[in-house]
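The feature active site is assigned by Swiss-Prot to Cys117, Cys199, with similarity to another entry given as support. Among the features that Swiss-Prot reports, disulfide bond is placed at Cys64-Cys80, Cys97-Cys178, Cys158-Cys171, Cys252-Cys273, Cys285-Cys294. Summarising the annotation, Swiss-Prot assigns N-linked glycosylation site to Asn98, Asn118, Asn177, Asn207, Asn268. Marked as topological domain 'Cytoplasmic' by Swiss-Prot on the basis of sequence analysis: 1-21. Annotated topological domain 'Extracellular' per Swiss-Prot: 43-298, in sequence order. Among the features that Swiss-Prot reports, transmembrane segment is placed at 22-42, with the record citing sequence analysis.
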Amino acid sequence: MPDYEFSPASGDRPRSWISKQVLIVLGVCLPVILALAIWVGVLTWRQSSMGATDHVSAIVLGRCLTYTRNMHPELRNQDCKKILNTFTSAFVSKDPCNITKEDYQPLIDLVTQTVPCNKTLFWSRSKELAHQYSGIQKEMFTLEDTLLGYIADNLVWCGDPRTSEVKEEFCPYRNENCSSTATSVFWTVVSQKFAESACGTVYVMLNGSRTTAFSKASTFGSVEVFNLHPDRVHTLHAWVMHDIGGVERDSCLGSSIKELKSIVNQRNISFFCQDDYRPARFVQCVRHPEHPSCSVLM
C-alpha cells in the first residue's frame, strides 16, 4: 500500500489554531450570553412583580393618626399602633400569593366605624371623579374616605416567609398563578365590609366612557353589589358619567346597566339610573369650563 502523506491544502489551518480561535470566541461571547440570560430573567421577574411601597408601616401609621386626630376626631379612641400591628400581622412572614380573608379578619374586627345611612358612594372605573365629588360633598363616603380605605389607598405591600419584616422591594402581581396577594385580598375584604355596612339609599358612580359601564369583573360588580343587604339597603342609584369631550360608549340604556338593574332587583333593592348626574358633572366642568357641554350647565 502506498504510503501517502497529506499536507494542509492552501488556505487550511492546523487544528490547534482553530481550537484557539474557538476558545477566544467563547471567551468573548459567553459572558455576553450569560449577561443577556440574567437580564432576561430579571426582566421576566420584574414583569411578574410590582414595586412595593417604601416605608408602608410608617405611611399607614401616619395616615391613621391624621385621619383619627384631624379628619375625624370622633374616632380619636382608635389605637393606631394596634391597627398598624394588626394590619401587618395579616401578611408578614407569609407566602405573598397565599393570603386569606381570615388573615385580615382581626383588622376588620378591630376597626369600628359607622358610615351614616344614605351616604355610601361606590365607584367603578371612576375613582378620581368619585373622590373629587366626595371631597366636595363631605357627608358622602367612598371606601377610601373610611379609615381602613384611607390608610391603604394607592399602597402596595406584601410579606415574605423568610422574614418578619414588611417587604420593601417587589411584590407579585395578582395573576392566575398568584390570585391571593396581600393587597388584593385586603381590598376584597374591606370592600365586602363596606357594602355590608351600607344602609338606606346607596350610590354608585360608573364610567360611561368605557365600553361597559358596569362589569361583573370589577370590585363593585363581583363583591360590593352582592354584599348589599336588602334588609338594610332599599335603593341603589347609579350615576353613569362620561368624560368631558369624550366618547359616550355606554349609558343607562345600555346592556351592562340592564344587567346591573337585574342583579339589584333580584336582591329586592330598587334601582334608578341617571346619565351625567348634574352635581358630579359640575365637578368635571371645573377643569373644562369652556367646553360646550359645560356651558349649558351654567
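We number each residue from 1, going along the chain as drawn.
Glycine is treated like the rest: Cβ placed from N, Cα and C.
Overlay of Swiss-Prot feature records on the structure.
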residue: Cys64; record: disulfide bond; contacts (Cβ under 8 Å, 6+ apart): Gln78, Cys80, Ile83, Leu84, Leu147, Ile151
residue: Cys97; record: disulfide bond; contacts (Cβ under 8 Å, 6+ apart): Pro172, Asn177, Cys178, Ser179, Ser180, Thr181
residue: Cys117; record: active site; contacts (Cβ under 8 Å, 6+ apart): Cys199, Gly200, Thr201
residue: Cys158; record: disulfide bond; contacts (Cβ under 8 Å, 6+ apart): Ala52, Phe91, Pro96, Val166, Lys167, Cys171, Pro172, Thr181, Ala182, Thr183
residue: Cys252; record: disulfide bond; contacts (Cβ under 8 Å, 6+ apart): Ala238, Val240, Cys273, Gln274, Asp275
residue: Cys294; record: disulfide bond; contacts (Cβ under 8 Å, 6+ apart): Ile244, Arg281, Gln284, Cys285, His288
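Take the Cα of Asn268 (N-linked glycosylation site) and measure to each of the glycosylation sites Asn98, Asn118, Asn207: the nearest one is Asn118. Annotation for Asn118 (N-linked glycosylation site): spatial neighbours Cys199, Gly200, Thr201, Val202, criterion Cβ-Cβ under 8 Å with sequence separation of six or more. In sequence order, Ser124, Arg125, Ser126, Ala213, Val240, Met241, His242 make up the list of same-chain residues 6 or more apart from Asn207 (N-linked glycosylation site) whose Cβ falls under 8 Å from its Cβ. Counting only same-chain residues at least 6 apart in sequence, those with a Cβ under 8 Å from the Cβ of Asn98 (N-linked glycosylation site) are Ser180. Counted within 10 Å of its Cβ, the other Cβ atoms near Cys80 (disulfide bond) come to 20, all protein chains included. Around Cys273 (disulfide bond), a 10 Å sphere centred on its CB holds 22 further CB atoms from the protein chains shown. The secondary structure of Cys80 (disulfide bond), as reduced to three states from DSSP, is helical.
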